[in-house]
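Student: Can you keep this structure in mind? I'll have questions shortly.
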Ligand SMILES: [Cu+2]
């Protein structure tokens, strides 16, 4: 009489029998138990930011990973800068395709395919009209490419069958083109199979500044990404800049009243859309970053489909810890959630210190555009 | 003859011969373990496998998972997701589960009574292991009231219907030989139905076991073994017929094991929040199981063993339902459940064999062929009665 398994999904039946079960439940002793862990391993109270038990256990070893999401926020890569005979600025980059196991959530490793051993890859930052020369060296066991968004000749498109096509293991190629138009773009591998090459981690931000620049601001790059750890065509861990909940564990310091600018890019695979929602504030949004005036004003949520991006600008009126996350609850609870730690200017050094940051980070955040005008090479 | 005889050796030398293969085997194993046997290149990527053997809700806001590693290597549970959200948890003794090891994971999660919840364990290499709570309900804690209530459920579905079925005995004694043969055939029919049902139950439990238990083959082997053992015990040396009381006792034991499994299922369903037995379900079981009493009493029609024997038989056959409900509700063990049910299959099959033999012999006495239409009708009636009454307890 294998009746019992049939009962599993029979909610109606269960309600009929509810009288009996209620009696049983009522009779059950109340052995109340409180969760014993109230603090994370690194000492943060678990309830900070109001996300309660929705969190990961432990911390990620950023040193072993070779990159720290807080550093990634401001890690502009201007390339090796020189001047061409025609007066044009030349920026040269070397990208090495490498396979690397990275820790994407505390204790969870992912066999990533990377540019230069990090996910996302380097944030290319240049000015409209610059000449870009990007060498790709493939040191992995699979063919790869770099496909840049923006305007460029067909041979430089970085797709199979165009120009050098897919670069085989051990091979290399050079992509060279002028940076246009200005905006918040991205690059990614376009080798087949496309989905796998993207979700494995081969992508990065490609910021082309307008010649006249943008108003001074504290600037951050945020790549909305996710990882399919069991390769079933659905993501397990969601994040911005790779590590789930990292900015909830270590809130990003900003000052009250200052202009904050986010270069927001959605490089999600397997899910059609992603979104960005800011707490305690409204923002202006520049779709694709290709305009100097906002394409939507005073909104607190914006949506991006796969490969879509834009610039988010806001100022905080109040101090405090304000969440940001996609208004897709599922992604939020799966790791794509962080916090801005908004403080008075006088409290800023302390806020930096609290999350292991220093003045260099602050400088980079404030001078993303200005720094490269000096032609500095990092 | 003597020329062919093997030379006499000391016993110690003979033992040495027996130990040679074992010693060489030890050398081979040591070689494989130490050097890899030149097969290192064959070793593939890691294979992770764990089984969530039980999910309980011991209190408000707490989900507890029992996890067994039934894979070839140790597994680290790095993160836990509840309803597609990462969640805080504690693991004892550790998040690392060695091969064959078990770990208890406590998740302080605000589960909602009556809702379904989905659990996922994320390993250090990103493998996902799933479990679910079909209908959230506090796991019953052992206490006197609940103990009593579970006992009542077992009483209603096991002991009482069997006792009621036995009350047909006085009437059965007045039946003629043909009618008795019919009732014995009917007993065979209902036992066949029970054997199939118990077999399927055993397979369902077996499917939930960690892989190393090899549940399905184990069920078949345990059933076969118990059938064999009971057959050997039931065989009379001088070809004399088995005593009616002996047959009845074995029927009672077989049905008892079946009812133990039934009780386990009921208790476990309560414990897992998967079922709530309504009064009408209990009625259904009572009606369904009443034939079991007829089956036990049928071999006794020619010789009344006295009322004490009937009480004992009823306890043997029906009592295990009470036991099973307690076990299933308070200390559910899927391995034991599978073994009990598999033994039950063997036991029931053995009494089918035995009662079938009685029917055949009775037919021969009457100068009829082994399989008469009357016998066939009896078997069919037995199966049909069980089948039709099962409508009341199948949903
Ligand atoms: Cu690639």
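Even glycines carry a Cβ here, placed using N, Cα and C.
Not my notes, these are from TrEMBL:
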type: TRANSMEM; residues: B:12-34; note: transmembrane segment
type: TRANSMEM; residues: B:146-168; note: transmembrane segment
type: TRANSMEM; residues: B:180-200; note: transmembrane segment
type: TRANSMEM; residues: B:212-233; note: transmembrane segment
type: TRANSMEM; residues: B:264-287; note: transmembrane segment
type: TRANSMEM; residues: B:307-328; note: transmembrane segment
type: TRANSMEM; residues: B:335-353; note: transmembrane segment
type: TRANSMEM; residues: B:373-393; note: transmembrane segment
Student: Between the transmembrane segment (B:12-34) and the transmembrane segment (B:373-393), are there three or more CB pairs that fall under 8 A, provided the residues in each pair are separated by 6 or more in sequence?
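Tutor: Counting Cβ pairs under 8 Å (6 or more apart in sequence), the transmembrane segment (B:373-393) does not reach the transmembrane segment (B:12-34), since there are fewer than 3.
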Student: The transmembrane segment (B:212-233) vs the transmembrane segment (B:335-353): three or more C-beta pairs under 8 Å (separation of 6 or more)?
Tutor: yes
Student: Give the one range among B:12-34, B:146-168, B:180-200, B:335-353 whose Cβ atoms make the most pairs under 8 Å with those of the transmembrane segment (B:307-328).
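Tutor: Most contacts with the transmembrane segment (B:307-328): B:146-168.
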Student: Top stretch among B:12-34, B:146-168, B:180-200 for CB pairs under 8 A with the transmembrane segment (B:335-353)?
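Tutor: It is B:180-200 that shares the most Cβ pairs under 8 Å with the transmembrane segment (B:335-353).
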Student: Determine which residues of the chain contact the transmembrane segment (B:12-34) at the Cβ level, with the cut-off under 8 Å and only residues 6 or more beyond its ends counted.
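Tutor: Beyond its ends, the transmembrane segment (B:12-34) has no Cβ neighbours under 8 Å.
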Student: Let me spell it out: take the transmembrane segment (B:146-168), skip the flanking residues so only those 6+ beyond its ends count, and list any with a Cβ under 8 Å from a Cβ in it.
Tutor: 140, 255, 259, 262-263, 266-267, 270, 277, 282, 285-297, 310, 313-315, 317-326, 329-330
